[in-house]
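J.: Here it is, the structure in full.
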Amino acid sequence: MKDFKPILKTLWKNKTSPILLVIQIAVAFTILINVSHMAVNKWHEIHKPSGLDEANLFTFTANLPVEPERYKARLEQDFADIIELSSVENVMATNSIPLTNWGLGLALNKTESDESYITYAGIYSMTADFVETLGLEVILGRQFDQAEMVLSSADYTVQSSTLMVTKAIAEKISPEDWTQTVGKTIYIHGRPYQIIGVVNELIATWPNWMRNERSIIFPAYTLTKESKFMVKAREGQLKQAMDEVHTVLMRHPGRIIDKFHDFTHTRNKGYKPMTSSLIILFAVTIGLVVITMLGTFGQARFAILRRKRQIGTRRALGATKWQIVRYYMLENIVITSIGILFGAIFAMLLNVKLMDFFELLSVPSEYFLFGAVAVLVAGQFAVIPPALGAANISPASATRSA
Amino acid sequence: MVSYYIKLAWLSLRKTPLLSFLMIGTIAIGITAAMITVTVGYMMAQNPLPHKSERVAMVHLNSWDPTQPYGYRRNGKNDIPSTLTYQDAMALLQADKADKHALFTQFSDMIRAEAMDVRDAQFHPVRSTTRDFFDVFDAPFIHGGTWSKEADQTGEQVIVLSKHENDRLFGGINSVGQDVLVGTLLYRVVGVIDDWQPTPRFYTHRYLMYQSTLNYFVPLESQIRNELFSPTSMGWSCWGDAPSSTLAQVLLSECVWLYMWVEFDTVDKKDDYFHFLSDYSEEQKQVGRFTRPEPNRLMSVTEYLEKEGAVSKENIMGIGFALAFLLACLCNVMSLMMTKFHGKGGEIGLRRAVGASKKDIIIQFGFELIFIGFVGGVIGLLLAQVGLSVLTDMFSNLHKNVMTMDIYLMVGTIGLAMSTSVLFGLWPIYRASLIQPSSQLKSL
Amino acid sequence: MLKMRGIAKSFFTNTLKTQALQPFDLDIEQGDFVSIVGPSGSGKTTFLNIAGLLEDYSEGQYYLGGKDVTGLSDNHKSSLRNQKIGFVFQSFNLIPELNLFDNVEMPLRYRHFSSKERAQRVHEALEKVGLAGRKSHYPQQLSGGQQQRVAITRALAGSPSLLLADEPTGNLDSKMADGIMSLLKDINKQGTSILMVTHDMEQAKQASRIIEIRDGHLSEHQVSLLHRD
């Protein structure tokens, strides 16, 4: 620590380049904190469980090439044709397919009035067997029974009086004890619905909605000219099941099948913009660290170049190599710490601004800690090569003209 | 003298390759990051109809559910739908109070040229609209033109193709008069439009603003008469108990699903039109509709883009971070410049001794900085092109127009690199010009 | 052509005033060849820097070509250096990344001659020292003696009336040094005044006047007297 004072003095004498480095570190630290926080959030979003048996699922949209009055019969026959295939375990139709960005969201209320808003929820209306097909886990209450499950041309919100919710919704309805949710009544568009069961997880259709773990399921399915199918293949027979289902359905004249994909594709496609953003955030983080290290490296080299003679003199007077290296490492810690200090202040100010502007969560304090450690370590790594160079300056250079 | 200074700059950069490489590389990286984000932000913020963005406006009517609002705006206030019910859209269209009307939605079907094999049919989204659509949104025709007024009224089976699909179906010939099969229906080609991609594609929903334009256009009335309906891919919202499983039911329902834009010959007609909309709301109130309190909206192109947030917040933040990153890079470069000029003390002393003034020294190093900035800018421009093409792949949901630099951005890139290099070099240069010649001449 | 009256130089380090040069008067006529001798640190280089307008003096008047240069602007001094004074240094101070032509041309650049005139002058100057054929060579391809010839050529390219040489042979062996000395004498014979710092007495004696600086005091010695010793 006895080096401390001379370090401060020397830095103060030649301010420009340490100040530049401080600015660089402050900027880098500010961005680093915010960007890594965003990256971690995105990472969690992308890796949120969907609740689905994704490996064995595939989905598609198909028309019902018949008159409206025969939609129901056609759909039931299609189900029968598909389930008969040995490669298929189960099949269902849904108003919207998870993670495809197309579906309905509605506000849930505690009472008839929209003042008693609970949350916004992704809405599913599905046909029988959806629990088995999707691989959902009913953790409380019961599934819909056969009598509740309806196929009709009326809208599903008016056909049903019961619904199932995800655990995330249950936690919003009864924050104190979500297990009390079953049996409660909630209101949508002023109409009451009784909650009869809770599924562990079922992701809504919008990958980029932060609250997409909040979904509800209606037991009624509205028949239209087109249906969205979800099929569960038997273990290991996905490819075969996809081929066979396609063939079976295409036997009907006028049939159109679109968006025929396995669920892995759907997930990748749905999350592609977010994955891309994540990659960019990572690249930015790495770029920042590298630039900061380059800056540190350059500054140290410059400082050493200037003080070559002084270092030689110190060596001649008996300073060990380690003492020289230590001096520059310590100097770097001083500069970096000042940079981090300013950066932390910026980061907090920026974060307040960002929260106003982007409704983001504020960056937790551990990011400041980890960020500071990361920047300090990076700085030390960057300063070692020039510091070793300094240590290798020959004591004889003190006597040569500078 | 200019060529002399450029030569000196070149020689000086060559003399310290590592330092030059670091300076140029750092500028290039900073410029790359800045320009990639700026490009995306700038292209997203383009005015897609600059000559008439205030005369073209979108109609939003508050026909929504009395029990709860349609949604909430970013400021927390209640929102109203940005699409119309069929009955309202038809009423406005028939009143004919604006100079041009573009009413539209979409459906999807299998499409092929009549002469093509059934297996070559492709599933495509089709824009169903009114004849003014092309005129209002400036879509350029290369063959034929839009359909007639009668076609709009009688739902004639006529179609306009994009150049891209005209190439696929007809090998690029003038296909006007040829037949196209939409599902099982014969549609006669009346026009072909050239490649056309307004950026942003402002006339739809914000999630769709950076997607490609559709390739087929038919009269809305023909969609309705033929019951062409794609409930699982079009954007629509419903409330109330009325059934909505067939198109015929949707026409009678309170579902909102039709986008409506109007064009006026002069901007001042907009106020009259807004009054007309208010009067229409009042009439509807008499029959028990339009009971919500929020007012209707008549939004110009720029107002609508503003409301929908054409430039995403993430983007603005990205630009902010990238500019901060550029600042860090420039500080780094400034530090390297100090090193560089420090090493040139001897040369400065010598030049001063043989008669160079401070100004001569400043000009000489200024040229060096301009040179560094230029090279850094050119490399940054190239890297930004690479970065943008990577982004185009990564964000395939966005049209590539958003990630393409125009000539202003390209020139701006190099200009930014050069001006920031010089700006951040002023201090090092000033310091260098202060070097006392006498102190440097003993050693070089 | 050079007249100094009461010139003195002092500077302050912390609170200590150091008198680098005590007040002195000096006159140098056109065609003089003056050696400056004295121990290290006595103020020789400071004197030379003052004479060359590279350093300011604390007191006194300095007339160069009859004109008082005291208090002239930096720009003005630059252009005076460019037109009237040539410098030769112990370590040659050639710019390594420039070839011989560019090195010699440098002072002419700052005088805004046309490129044709520059080329002609450089060529003539290099021819005089026998290096015209090596115009496009770089300094490090030459011997020390050749480098110093180039440096002298550079000093002369702008036809100055005063040549300042700071230990021009300090980095050369005696054979090369002799060559440089005879070159300087030739230049002097053609009318250019020379002020040369040296600590080789033999060389000093070849000049027409000798000035000794000791602890900041200037004193002139008679060359003829020294010859007699």
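Glycine residues also receive a Cβ, built from the backbone N, Cα and C atoms like all the rest.
In case it's useful when we look at the structure, here is the feature table from TrEMBL:
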type	residues	note
DOMAIN	A:50-245	domain 'MacB-like periplasmic core'
DOMAIN	A:284-395	domain 'ABC3 transporter permease C-terminal'
TRANSMEM	A:20-40	transmembrane segment
TRANSMEM	A:278-304	transmembrane segment
TRANSMEM	A:325-347	transmembrane segment
TRANSMEM	A:367-391	transmembrane segment
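What does the local environment look like for each feature on the list?
T.: The average pLDDT computed for the domain 'ABC3 transporter permease C-terminal' (A:284-395) is 85.
Using a Cβ-Cβ cut-off under 8 Å and counting only residues 6 or more beyond its ends in the same chain, the transmembrane segment (A:20-40) has close neighbours at 278, 281-282, 284-285, 288-289, 291-292, 295-296, 299, 335-336, 338-340, 342-344, 346-347, 350-351, 354, 360-361, 363-364, 367-368, 370-372, 374-375, 379.
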J.: Using a Cβ cut-off under 8 Å, which residues of the same chain at least 6 positions beyond either end of the transmembrane segment (A:278-304) come close to it?
T.: 14, 17-18, 20-21, 24-25, 28, 31-32, 35-36, 38-39, 42-43, 46, 311, 328, 331-332, 335-336, 374-375, 378-379, 381-383, 385-387, 389-390, 393
J.: Would you mind listing the long-range same-chain contacts of the transmembrane segment (A:367-391), meaning Cβ under 8 Å and 6+ residues beyond its ends?
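T.: The answer is 25, 28-29, 32-33, 36-37, 289, 292-294, 296-297, 300-301, 304, 307, 311, 321-322, 324-325, 327-329, 331-333, 335-337, 339-340, 343-344, 347.
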J.: With DSSP, how much of the domain 'ABC3 transporter permease C-terminal' (A:284-395) is helix, how much strand and how much coil, in residues?
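T.: DSSP classes over the domain 'ABC3 transporter permease C-terminal' (A:284-395) add up to 98 helix, 0 strand, 14 coil.
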